[in-house]
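Copied over from TrEMBL:
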type     : residues  : note
DOMAIN   : B:83-273  : domain 'ABC transmembrane type-1'
TRANSMEM : B:27-51   : transmembrane segment
TRANSMEM : B:89-109  : transmembrane segment
TRANSMEM : B:121-143 : transmembrane segment
TRANSMEM : B:149-170 : transmembrane segment
TRANSMEM : B:196-218 : transmembrane segment
TRANSMEM : B:224-242 : transmembrane segment
TRANSMEM : B:254-273 : transmembrane segment
Amino acid sequence: MTKNDQTQSSGGDVRLTGISKTYGSFTAVHPLDLTVPAGSFFALLGASGCGKTTTLRMIAGLEDPTTGTVELSGQDVTALPPYKRQVNTVFQNYALFPHLDIYENVAFGLRRRGIKSVKKQVEEMLDLVQLGPMARRKPQQLSGGQQQRVAVARALINHPQVLLLDEPLGALDLKLRRQMQLELKRIQTEVGITFVHVTHDQEEAMTMADTVAVMNGGRVEQLGAPADLYENPATTFVANFLGTSNLIEAEVVEAAGEELLLRAADTKLRLPAARCSATAGSGDKVLAGIRPEKMALAHTDDTGSLPDGHNQLPGRIKDASFIGVSTQYVIEAPGLGEISVYEQNIARDGRLVPGAEVVVHWNPAHTFGLDAAQDIAAGADLDEEAA
Amino acid sequence: MAATDTTTAATAPRTGGNPLRWLRRNIVTLAGLATLGYLILPNVVVMVFSFNKPNGRFNYQWQHFSTDAWADPCGVADLCGSLGLSLQIALWATLGATVLGTMISFALARYRFRARAGVNTLIFLPMAMPEVVMAASLATLFLNMGIEFGFWTILIAHIMFCLSFVVTAVKARVMSMDPRLEQAAQDLYASPLQTFLRVTLPIAAPGIASGALLSFALSFDDFIITNFNAGSTVTFPMFVWGSAQRGTPVQINVIGTAMFLVAVLCVLVGQVAGNRRKRSNP
């Protein structure tokens, strides 16, 4: 139970069982089961107010769960106060002690556990985050990026079983944030401690984490590896919040064999049955989803030369914006609304300008199917806010 | 000094703009110097007259230079006794008011309780009420309770009026403190007591120190409330007042000058230390 018998640098796993948090009549976190494997980089992703920070604070012990238990490395710590848990937090805005210099900030945890000779460890840790020469400065004399690294050093020096990061890069500018993402990932690989990272930035979560849990309204919508979440979103929220998705309302015409045949407006589409998460019998409504970068554009005159078996949708270019690596098109498809298509700038067709009649086509294998009984726009606006 | 300024301003347009420009450029400095003079002049008078050798019992007219009073500051009966008493009361009042005031500040800043709004208002009453009214009511209270006037009644009265100043200073500091700092301390293995001693208290310290300094100054030279509640006990301000009826010994100026110099010295030391700290970590 004492924190002094620390195990060197090996992460522990976190197991949340039926954990929930209510404030009066407001439920911040619905009963939740979550297991974070030892040594992994785990991200809790969601918009503000989705319960991700509350979940993190319950692991840290800064918030008491209304129901459920928190286990660290197999030990139930639900009733332990924060200072008795072998867990450390990197706070949003860092919460560095303003009255102590960098050296003493980093040494704080060691000193509280009664360790006398901290010099060697503190210096090593400051070197790891490349702040050795800054040891005697006060936090307010450092830049945002440097403060962030102090906060990480102050937590890591204690060799916690789990490191909790609460939006640690939120206050940094874009370029520095990218740099720190790689830096944090490097440190995590080096020390092997379990990281639980809370963020609203889907790119950040996907770049850094091995496993991402997407949270919405106090619940985990979906959990998995970043690529898996991106390719196979289970809900419209995940489809819209992680990147952009075209969601097309369609009706199942034929449900036999490995492929479903759908009708959207007057067009036939094909969808692999294995990639449809909704029950799809003949006559059922589903949402067919395709990522914009998986679609291609062809001018109507070239319809004949499209690859065999591709899904095709006719439409007209409404808008085209050149953004360097790609051109983003908005296509008006009759009866289906707007569809976005990202074309790589390899061989640009001069006829693809706003107003042109085109065909959007894609390999049916890239289509995923979702239950139509949910809000088609869920998570879409949130993503824009976060970006 | 002010007279010179007006003449310059008045003659400036006639002499062709230059003096006017000079005045415009230096007006802030001049105003500053004038204000400084206004503040310092009374102290200078006290200081100068501490070297006087008056003919009669009243130290109001300059006669000739002498260091007699400095050589024998306690030469007047009861002066040093009253000074010692005042310092003692000021120290205890500061201690009492600072401890109580700090606790009240934390309670008001951190917790929501039923009488919070009421306490918040009541705590400022001693600052708002005319001192003489408060002095009289306190005296009535002590009399009715049958408490004998003296050291303890003075101390109780001083702690009471110092409290509101401490609360004002400390509460502002505690309110502006980021609650995450304490959470961070707990997260870094500090028990609640360690968190308070290592994080909360050091961060609140400047507010507590300014509250304590204010208390000391207010208690040391309080006359009105003390005079109503002292009985036969005589503090330094009461001694000065009493002796002013019969004659003013030069030693009063000596004590006044010494207090002034000690205060200036404290400020200087504080500033030098602050500058050195700033220079050592640029």
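Along the chain as shown, the residues are counted starting at 1.
Each residue, glycine too, has its Cβ placed from N, Cα and C.
Curation plays no part in TrEMBL annotations; they are all automatic predictions.
In this chain, the transmembrane segment (B:196-218) lies apart from the transmembrane segment (B:254-273): fewer than three C-beta pairs between them fall below 8 angstroms, excluding pairs fewer than 6 positions apart. For the transmembrane segment (B:27-51), the most Cβ-contacting stretch among B:89-109, B:121-143, B:224-242, B:254-273 is B:254-273 (pairs under 8 Å). Below 8 angstroms of C-beta separation, residues 78-79, 81-83, 85-86, 89, 131-132, 134-136, 138-139, 142, 148-151, 153-154, 157-158, 161, 248, 252, 255 of the same chain, each at least six residues beyond the ends of the transmembrane segment (B:224-242), sit close to that stretch.
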